[in-house]
């Protein structure tokens, strides 16, 4: 573990009372003489930035997953990841090789949870998108132990982007593919009081299934990285970016990595499922849109008989390919040249009418809101064809003031993506004015911006934005950046005199919650 302290240089009201920003992402890309192929394969490195009395303390520690332990013990990569498939040593005897092949007929996924830090009850977990999560101590970053969703609820995969309601309950989605009856998407809830006071029992033991949604195609379920939530509804986007189940089951023998089992069907449609999160019942109307790929939802809310949801979409699935390490290592000019067809992320608003008059003329727009150009067109067969309102182009890793999650809101923040997968700016977007402001510094690359509200704040943008910054310039040390969320002006930074890796996601824990 590395521990460093830095001074913020001034009194910062939103983080005066203290708190810890936890971050997760890939941090080790080779073990011994073996190397990973993809950036999403790297072994999880957890960072923390603890704020107290004008100082920030930086810690980092590798997640001690079973995958990490096995790789380090063998001094080489022995567990397959998203973009790197591992095969048995040809020097092993024939029985050992046969057993290894047999184990891979049905994949037992890695527990290298490198995507996010999530909360169930009062416990914190490193999470990816598989059936394993690893509990961590948010103060020391020690790995407490691995948990398996399958021991508590029937699913093979689960997202690393749950939602939290005002009572502290956690909502999440998963997929049941193999071994649990009919394949289906699962929506579940973990109550706020699920934690064991002695931390000996898993918070997942109190998991509650809200509902399930059957696959449109048993062999090609939709991939999903996140979902939306309003006061009363779950918004699930069943996109034509699909997981090929047969290919997944045979990937090991075909010499295909797990990433190669995803495919985008540009000729299919996107379907929107609107599910009451209290009753588990789905609205029966078929809502659909043109083919798109979505990883991140921004926010969702209800407004005058409509469900409004904002997400970041792509016209294809090429984003994953850009993160193969051989692509990332290219010189900037070569990278731009080889990825001219890169589909930029588009922040789009969709609107779903809840009260549908079946007597409405076919071809009419059922959206009556006046602050959006999004449409919901009634089709001859009674289905609704949804057309988005494009808010902004070129932003990813979105964040909001989470007190406005599931509510009507005005601002979102994110990392600007213009010519590569590396964000080089932070932006704040005003939905009402349709304007944005940016923070940028030459040769500097920011992490996902995180909003922290001022104590007792009423206004939505009363707070600060936190982002850890790394630089291609060796004379600039990594630093924690603090921006005034209202003006987007820099108000403080603290240098970190050690190597800091680019990360993916995380969350801020107020001091009172992490003790």
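Glycine is treated like the rest: Cβ placed from N, Cα and C.
In TrEMBL this protein carries:
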BINDING   161, 225, 296, 505  Fe cation binding site
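Counting neighbouring Cβ atoms within 10 Å of each of the binding-site residues (225, 296, 505), the lowest count belongs to 225. Take the CB of residue 161 (Fe cation binding site) and look out to 10 A: across all protein chains shown you find 20 other CB atoms. For the recorded Fe cation site, residues 161, 225, 296, 505 set the reference point as the centre of their Cβ atoms, and the other residues of that chain within 8 Å of it by Cβ are 115, 116, 159, 160, 226, 295, 297.
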